[in-house]
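Trainee: Feature table excerpt (TrEMBL):
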DOMAIN    41-293  domain 'RNase H type-2'
BINDING   Asp47, Glu48, Asp154  divalent metal cation binding site
Amino acid sequence: MSPAGPSTHPVDPVNLSPIPPLLDSYSFHSSLNDSLDKTEAWIMGIDEAGRGPVLGPMVYAAAYCPLSFKSPLEDIGFDDSKALSADTRQALWDAFDTHTPLCYSSATLSPQSISANMLRRVPINLNRQAEEATVGLIQDALDRGINIKECYVDALGPAPQWQARLSAMFPTISFTVCPKADSLFKIVGAASIVAKVTRDRYIEHWVDPECAGAGAGASAGVSAAINGNGDDTMDVEEGQGKGQDEVIRGSGYPSDPRTQAFLKESLDPVFGYKGIVRFSWATVKVLLDKQGVECKWTDDAAQPSAAGWFSADADNARPKMWRDLGVSGVGEL
């Protein structure tokens, strides 16, 4: 499932307290101040957080501002979010409220959506999902009337090929796609902050909608926040209940010992894992094979195979279902 369409609700779901359960992928766009000239040339930077972890969402983020704000942007302090402390990242997150010309969008892909897409009959791999999120962020900005003229993207796979594809899709925008773009371009560093803070808040304050007590508040969750029919805060009983034991999940990366311990301890042998876990990851598959209850599906030999309805026979090579329905071939599509 690709992220949902644009939302202009003034409150980012990760700014709510407690953060609502993440049930589905969604997109969020910060508000545009009326004083901003959307017809002026704008610059955009795109980065992500959470491609590799087995826990939590993958977040793609775009930061954008008028080209005239490029010089002040250099002095705010944006950089690769992974190289900054949590306190510094929080201060830079607040800079989006302080500096009116600086705006952002985020595409948050839920763990369940990521895995469901990867395990479809025709799989949508992680790279493809990342590409769709990137293209969606750019298109959403253009749909809002923002005149994006320059776009800097942290490399996704081979940089030249990805840059060429983006340039072909959006010929009015000048693209620069390269590794370490979050360290080279401040606007990408700003996007890196949005992606990292958004993901970290979900990981640190995750609410399991499967838990008793989540109730209707969990179902409303992010949807209420981004559709504008929720308050700036949620009742504690609707989200993460009071007195809930602290859960140590670690960073979410498969190599993290704390994450490994969480995966081993939280596995239900019948039902598997709750929604925070990306069940398509090899790490999870191995644990399920080792600790999960084996499920055997017994075929009923007396039941005719459905494949027989589609097999050709002596009647002009037409399947039986075609004959029963009076269907005939009309050529090739």
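Every residue, even glycine, has its Cβ placed from backbone N, Cα and C.
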Trainee: Please work out the number of neighbouring Cβ atoms within 10 Å of the Cβ of Asp47 (divalent metal cation binding site), leaving out its own Cβ.
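Mentor: If we count other Cβ atoms within 10 Å of Asp47 (divalent metal cation binding site), we arrive at 28.
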Trainee: May I ask which residues of the same chain, at least 6 positions away in sequence, place their Cβ under 8 angstroms from the Cβ of Glu48 (divalent metal cation binding site)?
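Mentor: For Glu48 (divalent metal cation binding site), the qualifying residues are Met58, Val59, Tyr60, Ala61, Ala130, Ala133, Asp154, Ala195.
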Trainee: For the recorded divalent metal cation site formed by Asp47, Glu48, Asp154, which further same-chain residues have Cβ atoms within 8 Å of the site's Cβ center?
Mentor: Ile46, Ala49, Tyr60, Ala61, Val153, Leu156, Ala181, Asp182, Val188, Ala191, Ser192, Ala195
Trainee: Have a look around Asp154 (divalent metal cation binding site) and count the other CB atoms within 10 A of its CB, chains all included.
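Mentor: 26, counting other Cβ atoms within 10 Å of Asp154 (divalent metal cation binding site).
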Trainee: Quick one: average pLDDT across the domain 'RNase H type-2' (41-293), no decimals.
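Mentor: The answer is 87, the mean pLDDT of the model over that range.
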